[in-house]
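What TrEMBL says about this one:
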- A:Cys84, A:Cys89, A:Cys125, A:Cys129: [2Fe-2S] cluster binding site (BINDING)
Amino acid sequence: MAKIKLAKDKVEKLIEICKSFNNEGSELINVLHKAQGTFGYLPAEVQEVIARELGVSVAHVYGVVTFYSFFTMVPKGEFPISICMGTACYVRGAEKVLEEFKKQLKVPIGETTEDGKFSISCLRCVGACGLAPVVTIGERTYGRVSAGDVADILKEYRN
Amino acid sequence: MEQMIKLTIDNKELEVAKGTTILQAAKEIGIEIPTLCYMHLNDMNIEHKPGGCRICVVEVEGRRNLAPSCNSKCEAGMNIKTHSMRVLNARKTVMELMLSDHPFDCLVCAKSGNCDLQTIAQNLGVREIHYKGEQSTYKVDYSPSIIRDMDKCIMCRRCETMCNDVQTVGALSAVNRGFESVVAPAFEMDLQKSTCTYCGQCVAVCPTGALTEKDHTNQLIRDLADPKKTVVVQTAPAVRAALGEEFGMEAGTLVTGKMVAALRNLGFDSVFDTDFAADLTIMEEGTELLGRLSAHLAGDKDVKLPILTSCCPGWVNFFEHHFPEMKEIPSTARSPQQMFGPIAKNYLAKQMGVKREDMIVVSIMPCLAKKYECQRDEFKVDGDPDVNYSISTRELANLIKQANMDFKTLPEEDFDNPLGESTGASVIFGATGGVIEAAARTAYEVYTGKTLEKVDFEALRGMEGIRSAKVDFDGLELNIGIAHGLGNARKLLEEIRDGKSEYHAIEIMACPGGCIGGGGQPLHHGDSSVLKKRAAALYREDEGKAIRKSHENPYIIKLYEEFLGKPCGELSHKLLHTHYFDKQNEIEVE
Ligand code: SF4
Ligand code: SF4
Ligand code: SF4
Ligand code: FES
Ligand code: FES
């Protein structure tokens with residue numbers, strides 16, 4: 001018997017969210033959406049509670065969480081970096097840009113730097129193909145980014 | 001009345017009910033279309049047709065695209081070709097794409113020779129793969145019963161349907177997307193850490209080598225070759241009704257005698273029968289049932305009814321994970337496999353003059369959950385398991401093939417004694433309803449003190465997922481429930497939890513059909529008539545037995561006289577009973 005630890009107020013909040021969707025298994029995606037909106041991310045413990053409240057298997061919850069790239073199991077950084085991997089961006093070198101971010105921040109895709117400042121994720125076309133390759137950080141969008149620009153961009157957020 | 005429609009398949013005209021799929025219609029006129037992701041379990045009302053693999057495509061005249069026959073409905077006037085050039089080329093391409101990221105170790109794959117993917121590739125004449133895909137390298141997951149090698153997964157998701165819809169365990173789900181997608185437990189943890197019951201039903205339907213049983217045959221060969229070891233074997237009832245299928249024999253052929261001969265040829269020192277232990281189970285479980293029943297009737301409020309059978313380790317895993325709050329309700333009697341072990345190592349070993357550590361007890365089981373059960377700590381003495389390991393029916397068949405025996409022509413031989421003698425009651429343990437029927441035969445006579453006129457309790461037999469029957473114990477009417485398949489078990493458990501259950505005793509088997517449909521049996525490819533034939537074979541063997549009630553087994557009587565004392569006595573409790581654990585994850589609030 002493994003124990004799952006979660007703060008009381010979080011459990012209560014989750015139960016409330018599930019209840020607002022009548023504890024319906026078919027509302028899983030909406031429940032997850034709301035839970036992520038509340039907590040910022042969906043750690044294993046949160047998924048366990050949701051599964052129990054909605055009467056669905058944890059495996060199923062995890063399946064849904066991993067299917068939609070919108071959901072994340074790790075907290076996003078204070079400055080979430082998204083690199084567009086759509087076709088236009090890809091052919092114009094988005095991968096090199098991504099590699100440079102990974103190298104400078106020393107974290108893989110989907111994870112957050114130890115100081116909690118930055119996290120890296122990839123996106124499908126963000127609809128700014130004219131500016132490819134495109135990177136967004138928080139609300140800001142950067143166009144025609146090259147690997148050489150990465151250090152300068154990060155500097156803006158570093159101090 | 002059903003509306004009928006006319007169509008043509010491969011130049012043959014036919015009429016089918018509206019709503020029939022092209023695949024079913026073709027089958028009606030004897031045309032087999034290859035399928036991979038499609039799965040139809042007729043008796044369980046499960047039709048899994050995700051339409052994902054496209055190996056079943058056919059050409060419909062006038063349509064631009066080929067249609068997947070498993071999930072396309074027939075329409076009036078359709079003209080269908082199931083093996084035109086275009087169809088065959090398309091199937092070949094689909095197959096090549098599926099194989100493009102498949103590991104090329106077919107020759108040494110555990111599923112080789114029994115793999116649908118391999119068979120279809122062969123039938124399509126795929127000799128070359130024109131596409132080079134990225135190879136996936138997912139970690140292989142070794143659990144005590146099942147091995148998951150997701151590099152061989154074709155994402156047909158049949159396992160998921162078994163685990164989630166039939167068994168309602170929910171251990172598996174498709175996770176991730178695109179190239180990364182696999183079927184896995186929550187958080188991609190190992191199966192061992194998940195809520196899996198090891199029923200093996202996912203393994204039984206996997207069309208590739210992605211899910212296979214943990215193979216113990218090499219270990220067995222080593223032990224058989226070791227002159228210091230005395231290796232004894234026990235064989236479960238359901239094995240004899242299915243083993244023959246692996247050698248091309250008709251389903252439902254009883255091969256008890258040949259199986260014994262084969263085991264002896266393999267070099268076992270003694271060949272015994274789990275049926276003996278099943279008779280013992282009835283003595284213990286039946287006594288417990290009567291004890292609880294009498295106490296309950298006498299008004300003891302602490303005694304809970306119904307009593308649930310406990311001889312299926314898949315079912316035990318299920319309630320430990322999913323209904324731990326009810327772990328006091330099942331009988332404490334161990335499964336027959338785990339009754340045999342301690343009797344062999346504590347009683348037989350002494351008789352044979354063998355030290356416990358030199359005796360290896362092996363079991364041949366229709367079951368994958370038994371592999372895990374052997375390893376449970378409660379069933380070990382100073383680290384030495386009562387039953388060292390268990391081999392599935394399929395593994396035994398492979399071993400017989402390895403040893404180059406011509407199974408069909410083997411002579412019929414008898415089990416060794418004393419642990420080889422069994423009654424008809426124990427044989428039917430292998431089919432759903434059999435355990436409770438066996439228990440009723442003994443409990444009736446013990447309770448009423450009268451001889452049972454007719455030992456066949458037909459009302460308890462059958463293939464319905466949930467059955468109930470009343471059994472008359474000389475004026476005392478007992479309500480008996482039977483469930484097979486964990487989804488059905490769940491329904492009865494929920495009734496009990498909600499205080500709505502009227503049953504006195506319930507038999508539960510994890511696998512659909514009971515052990516005859518176990519996860520370690522020859523693959524039946526969803527054809528439930530195979531299960532019915534296996535069950536019929538067991539009832540035939542029961543009928544042919546001179547003794548058909550467990551308490552009349554002379555060696556059981558002797559075992560109690562010489563060794564155990566009385567059923568549910570002190571020694572029985574130590575050796576033949578067990579206790580259960582709460583395995584549910586608990587959410588601890590901080
Ligand atoms: S593990 Fe087997 S049954 Fe499950 S999806 Fe993969 S190939 Fe299909
Ligand atoms: S063994 Fe049974 S419980 Fe475990 S994953 Fe397979 S179907 Fe599910
Ligand atoms: S029904 Fe039989 S084969 Fe299936 S898990 Fe239970 S004991 Fe094993
Ligand atoms: S591909 Fe990157 S914005 Fe469209
Ligand atoms: S069998 Fe029809 S699509 Fe897979």
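Using the three backbone atoms N, Cα and C, a Cβ is placed for every residue, glycine included.
With a 10 A radius on its CB, A:Cys125 ([2Fe-2S] cluster binding site) counts 15 other CB atoms from all the protein chains. Around A:Cys129 ([2Fe-2S] cluster binding site), a 10 Å sphere centred on its CB holds 15 further CB atoms from the protein chains shown. The residues near the [2Fe-2S] cluster site, meaning same-chain residues not in A:Cys84, A:Cys89, A:Cys125, A:Cys129 whose C-beta sits within 8 angstroms of the mean position of the site's C-beta atoms, are A:Met85, A:Gly86, A:Thr87, A:Ala88, A:Tyr90, A:Ala94, A:Leu123, A:Arg124, A:Val126, A:Gly127, A:Ala128, A:Ala132, A:Pro133, A:Val134, in sequence order.
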